[in-house]
Structure formats: structure tokens, C-alpha cells
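Some features that TrEMBL has for this protein:
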type	residues	note
TRANSMEM	20-45	transmembrane segment
DOMAIN	24-504	domain 'Major facilitator superfamily (MFS) profile'
TRANSMEM	65-88	transmembrane segment
TRANSMEM	100-119	transmembrane segment
TRANSMEM	125-142	transmembrane segment
TRANSMEM	163-190	transmembrane segment
TRANSMEM	213-232	transmembrane segment
TRANSMEM	294-312	transmembrane segment
TRANSMEM	348-368	transmembrane segment
TRANSMEM	375-394	transmembrane segment
TRANSMEM	400-424	transmembrane segment
TRANSMEM	436-460	transmembrane segment
TRANSMEM	480-499	transmembrane segment
REGION	506-533	region 'Disordered'
COMPBIAS	522-533	compositional bias 'Polar residues'
Amino acid sequence: MANNQLGVLNALDAAKTQWYHFTAIVIAGMGFFTDAYDLFGISLITKLLGRIYYTNENHPKPGTLPPNVAAAVNGTAFVGTLAGQLFFGWLGDKLGRKRVYGLTLMLMVVCSIASGLSFGKSPAGVMTTLCFFRFWLGFGIGGDYPLSATIMSEYANKKTRGAFIAAVFAMQGFGILTGGIVALIVSASFDHAYKAPPYSVNPKDSTAPEADYIWRIILMFGAVPALLTYYWRMKMPETARYTALVARNAKQAAADMSKVLQVELEAEEEKVEMAPSSNSFGLFTKEFARRHGLHLLGTSVCWFLLDIAYYSNNLFQKDIFSAIGWLPKAETMNAIHEVYRVAASQSLIALCGTIPGYWFTVALIDYIGRFTIQLMGFFFMTVFMFALAIPYHHWRSNNAGFLIMYSLTFFFANFGPNATTFVVPAEIFPARLRSTCHGISAAAGKLGAIVGALGFLYAAQSTNPAETDQGYPPGIGVKNTLLVLGSINCLGIFFTLLVPESKGKSLEELTGENEEADGNDKQQASSTQTLPV
């Protein structure tokens with residue numbers, strides 16, 4: 001390690017795991033809890049929205065959202081998230097992590113409530129206002145990705161940094177599960193209070209008028225966890241790495257971290273003054289391309305490929321379960337009971353596959369490394385996707401076997417690239433560009449989510465026109481869609497080779513900022529170094 005490394009950064013790297021680490025995980029993690037609740041919660045209510053606003057009582061099947069409406073409802077939040085990741089990622093490097101952090105959270109709170117209050121006299125009016133507020137909800141969620149990851153990476157010690165960042169992201173699993181549990185509680189309560197016949201018995205009465213409150217309550221509950229953590233998020237000091245390396249205020253960095261670490265730290269202002277400008281090279285320079293261009297390509301493409309498969313599977317579990325017969329046919333249920341069955345199915349998957357996968361990553365990432373976990377995850381996701389797809393018709397008569405295999409794809413997504421694509425971009429880029437580069441990588445992922453969400457809507461429709469949902473053209477079927485997703489996961493294996501291993505190294509070692517601080521000779525030498533792949 002370079003001699004000119006600031007003492008405050010050395011202290012952070014060497015710090016023992018303390019209470020402030022866990023506090024930071026909870027504060028940053030509750031943002032991700034809310035993100036997952038809001039993004040994936042929409043899948044719990046899309047069938048209900050179709051029944052309430054688009055049912056034709058003369059049709060033998062309940063109403064579903066028309067293709068263009070379903071695409072908008074499922075995809076609008078992702079478009080907002082993509083924009084938010086790019087904007088707030090850039091802003092986090094310009095204004096500081098803390099100054100932007102509270103803004104994203106308040107945007108999530110306001111828009112969660114507003115989504116549930118979506119108004120209009122016609123179905124088109126309700127859907128339009130819902131999509132409007134979900135776009136801005138996504139915009140706030142987008143900011144949480146680069147800021148939470150960057151803050152946690154810059155607070156953590158180098159020995160357990162991977163586990164801390166992964167633990168923040170793992171809160172996503174609890175958000176998905178909580179969405180299912182809230183939907184279960186609300187739908188069970190309404191189903192008990194307002195008895196309604198199945199659609200096949202009485203189409204008109206199968207959707208109780210009170211069902212309109214269910215989706216609104218589920219969406220608005222997303223404001224609660226975000227609101228609870230706002231005060232604590234505002235109390236967090238700016239990270240020392242931003243204050244010292246970007247804002248170049250060693251005195252403030254030392255004062256902030258002295259309180260956090262509860263030790264006396266020297267300001268070392270002369271080291272900051274002797275160091276070259278923190279803007280020695282920018283994002284769109286040959287120097288950045290030489291040092292980090294392939295890394296940014298690797299993190300972005302891996303996240304893009306991962307999210308095509310991950311969001312396709314997560315958002316459309318209900319359709320896959322219906323296709324294999326695990327969920328009863330829609331016409332045999334009333335509207336409220338259908339919400340209950342969808343929520344129960346998705347909660348079970350979250351409990352059996354999603355959450356365990358996240359925490360396996362937390363436990364092992366600093367032992368076996370990011371690279372190995374990501375490579376292994378993409379490999380097993382490929383294997384299990386093909387194992388579901390090739391004997392697909394066998395699984396239609398073996399629901400328990402399908403559920404186990406399907407849960408394993410989620411397990412290895414989360415004990416794999418879904419966690420590591422979040423962790424690595426927060427470690428391998430310079431402090432002055434860390435939030436921006438994480439935002440770019442995450443935005444590439446959300447582009448993949450948009451492709452997955454919109455593509456799956458059409459692709460997974462049956463090849464038989466008589467079996468498609470109302471308003472949809474025939475697709476390639478669930479079997480062929482799973483084959484395509486398996487092939488996409490296989491591509492992820494190859495792009496993982498561009499991503500460096502960051503286990504056990506300080507952030508400044510990884511980015512070359514130590515060498516910059518040692519003067520022009522070492523800076524020149526470091527420009528020829530490459531990180532191990």
C-alpha cells in the first residue's frame with residue numbers, strides 16, 4: 001500500500017466490525033427493502049387490475065390488462081429506475097452521497113402513496129395516473145442503487161466489505177417476501193369480509209367493488225419502511241472517501257470518521273494538498289478507457305443479461321404457475337381469492353429460493369470471491385433453465401418438481417450474479433466516478449429488466465391462438481421462452497471474464513488511487529497495470 005494513503009482511509013480499511021457497520025447496513029438496506037417491495041409488488045396486483053377495469057362479463061374468462069397497458073404498468077417503473085440510476089449516480093459524485101440520499105427516499109415515499117391514490121373516471125385514466133406515479137417512484141428507486149452501494153463500500157473495512165454490500169442488497173429478498181405477505185393479509189381479510197362467487201358462477205359479482213381498495217393498500221404500504229428510515233439516513237455523515245478524495249477536505253473527513261469509529265484521527269491536510277487533482281481523468285477519456293473501460297463493459301453487460309432473465313422470472317411467476325397448472329384457472333376463482341393465490345405462490349418462492357440465495361452470498365463472498373460466485377451463479381442458472389425447458393411437458397404433471405427446480409434458479413441468481421453485479425461496481429472504480437459507474441452498470445441492468453418484462457409478456461403466450469390471454473397474439477410459449485433465457489444466462493458466463501476480483505483489497509488499491517497520490521512517476525506506472533481477472 002502506498003505511503004501516502006490517508007490515515008482515515010487506513011482506519012476504515014482496518015476497522016473491526018462495529019455497531020456502525022450494522023447501522024449502515026440497516027439504513028441503506030431499508031431503501032432496498034422498499035425498492036424490491038415497490039418494483040416486484042406490481043406483479044401481485046396485475047391480474048386484479050385486469051379483472052376490475054377490463055372484464056367483459058360476456059366473455060368466458062375474466063378480464064386481463066390489454067398488452068399495451070400491461071407493458072406500461074410493468075415497464076414504466078423500470079424506465080424511471082434506469083433514468084434515476086444515471087441521474088443520481090452522476091449527482092452522487094458531483095454533490096456527495098449524503099446530500100442526494102434523502103431526496104431519493106422522499107421521492108419513493110411520496111410516489112408510493114400517490115400510486116395507490118391513482119385516480120380517473122375511466123380505466124385509461126386510472127392506468128395513466130398509475131404509470132405516471134410509478135415512473136417517478138422508479139426514478140427515486142434508481143437513485144438508491146448507486147448511492148446505497150457506494151456509501152456501504154466506502155464505510156466498510158476491506159476484510160468484510162463484500163458481505164456488507166451484499167447484505168444491503170439482500171434486503172431486497174425481504175422486500176419481495178414482505179410484498180407477498182402484505183398481499184396475503186390484505187386479500188385474506190377482504191376475501192373473508194366480502195364473499196364473492198367464482199367468475200364461472202357469476203361473472204358480475206365475482207369481483208367485489210371493495211377489491212379496488214386491495215391494490216391501492218398494497219402499493220401504499222411501500223411508503224412505510226422508507227419513511228421509518230428517513231431520519232437515520234439524514235443523520236449519516238458523508239463518507240470519508242468522498243470528503244477526502246473528491247471534496248478534498250481532510251479535516252472534515254477525519255472529524256466525521258472520528259465520531260463514527262470512536263477513535264482520534266489526524267486530519268493530514270498536507271497529504272490531500274500534495275495529491276494531484278481528483279479530476280485527473282474523467283469518464284470520457286482515454287485514460288479511463290485504458291484503466292477501466294473493459295471493467296465497465298463487463299459490469300454493465302453482465303447486469304444487463306442477468307436482469308433479462310431475473311425480472312422475466314420474477315414478474316411473471318404467476319403466468320408460469322398458471323401455465324403448469326399450479327394456480328387454478330382464473331375463471332374458477334373470484335378476484336380477491338386470485339390475489340391470495342398469486343401472493344402465496346410468490347411468497348413461497350421467495351422463502352425457499354430467493355432469500356436463502358442472498359444470504360449464502362453474504363456468508364461466502366469474502367471467502368470464495370465475487371468472480372467465482374458470479375461465474376457459478378450464471379452456470380447453474382443456465383443449467384436449471386434448460387432443465388425446466390427441455391422436459392417442460394413433464395413438469396406440467398409434476399408441479400412439486402417444477403417448483404423445486406424453479407426455486408433453484410432463484411437461489412443461484414441470488415447466490416450468484418444478482419448480488420455480485422451490485423457489489424463489484426461499487427468497488428473497482430475511482431471515488432470521483434464510483435457512483436456514476438455504478439449507476440451506468442445498474443442502468444444497463446434495468447434496460448435488461450425492460451427487455452425481459454416487455455418481451456416475456458408476448459413471448460410466453462401460447463403458440464395456440466385459442467389459449468392466449470385476451471388481446472395478445474400467439475407467442476413462442478413458456479418452454480421456448482425458458483430456452484431463450486437459459487441461453488442468455490450462458491452468455492453471462494463469458495462476460496464475467498471481464499470483471500476483476502476485488503476480494504480483500506482496499507478500494508484505493510483496486511482503483512489505482514494510491515499510485516496517483518504518490519506522484520506522477522507512480523501514476524504513470526499504474527496506468528500500465530491491469531487488475532487480475
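These residue numbers are counts, starting from 1, taken along the chain as shown.
Just so you know, glycine gets a Cβ as well, placed from its N, Cα and C.
Owing to the predicted nature of the structure, the values given are computational and were not obtained by experimental measurement.
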In contact by Cβ distance (the transmembrane segment (163-190), the transmembrane segment (125-142); 3 or more pairs under 8 Å): no
Feature contact check the transmembrane segment (20-45) with the transmembrane segment (348-368), CB under 8 Å, 3 or more pairs: no
Arithmetic mean of per-residue pLDDT over the domain 'Major facilitator superfamily (MFS) profile' (24-504): 88
Other parts of the chain folded back onto the transmembrane segment (436-460), taken as Cβ under 8 Å at six or more residues beyond its ends: 67, 70-71, 74-75, 78-79, 81-82, 85-90, 92-93, 142, 145-146, 149-150, 283, 292, 296, 299-301, 303-312, 315-316, 319-320, 323, 421-422, 425-426, 429, 472-473, 475-478, 480-481, 484
Range from 20-45, 65-88, 213-232, 294-312, 375-394 with the greatest count of C-beta pairs under 8 A to the transmembrane segment (400-424): 375-394
Range from 65-88, 100-119, 163-190, 294-312, 375-394 with most C-beta pairs under 8 A to the transmembrane segment (213-232): 100-119
